[in-house]
Amino acid sequence: MKNRTNYPPLILGSSSVYRCELLQRLQIPFETASPAVDEFALPGEAPGTTALRLAKEKAHAVAKLFPDALIITADQVAALGEIQLGKPLSHENAVQQLRLMRGREVIFHSALCLFNSRTTRLQARVIPCSVKYRELSDSQIEHYLAKEQPYHCAGSAKAEGLGIALIERITGEDPNALIGLPLIALVEMLMEEEVELF
């Protein structure tokens, strides 16, 4: 690995345990920080645009705390046609989302940013991932939610856990995008910042 002095320290701007676990797979040292950003869609905003805007806002929020760092942020918005499916935040909303999605195709728009707060260079991408949900009974939905309680996950499902059982098929360029941190794109961005992984 290159000498650490050649690039700023890495900061993962996320409180997600799963994003942290994904980033650990790259075997590079990093710290975490939780950005304070209000997560909501603007009227008429496309799902990918919402995810990208929020990921950028998170990067700039973390940059205020770390003015000399490579800051990694991400956000994810699920969409069923024109309907945006954010974090349900309650059992009732999660039941409603899963009923709506059963047997249907949902697109997860995973936005990724790498912001160099030393140089103000921002790299950003949205990586879509298509998910076909199984036909689920109301009973299956209730049992799943009782076991996993995915109330802070876009689309009410944790694909990194039992939520994988809700899914019939996943299509996309990076399977990690569904969990919330597209590693393939992140590696490309880190290489642009001259971070050597091996």
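Note that Cβ sites are derived from N, Cα and C of the backbone, with glycine treated the same way.
These features come from Swiss-Prot:
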SITE      Tyr18  site 'Important for substrate specificity'
ACT_SITE  Asp75  active site, proton acceptor
SITE      Gln76  site 'Important for substrate specificity'
SITE      Glu160  site 'Important for substrate specificity'
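Mapped onto this structure are the features recorded in Swiss-Prot.
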residue : record                                     : contacts (Cβ under 8 Å, 6+ apart)
Tyr18   : site 'Important for substrate specificity' : Lys158, Glu160, Ile179, Gly180, Leu181
Asp75   : active site, proton acceptor               : Glu39, Thr50, Ala51, Leu52, Leu54, Ala55, Lys58, Ser110, Ala111
Gln76   : site 'Important for substrate specificity' : Ala51, Phe108, His109, Ser110, Ala111, Ala154, Gly180
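Other C-beta atoms found within 10 angstroms of the C-beta of Glu160 (site 'Important for substrate specificity') number 18, with every protein chain shown included. Under DSSP, Gln76 (site 'Important for substrate specificity') is assigned to a strand (E or B) in the three-state scheme.
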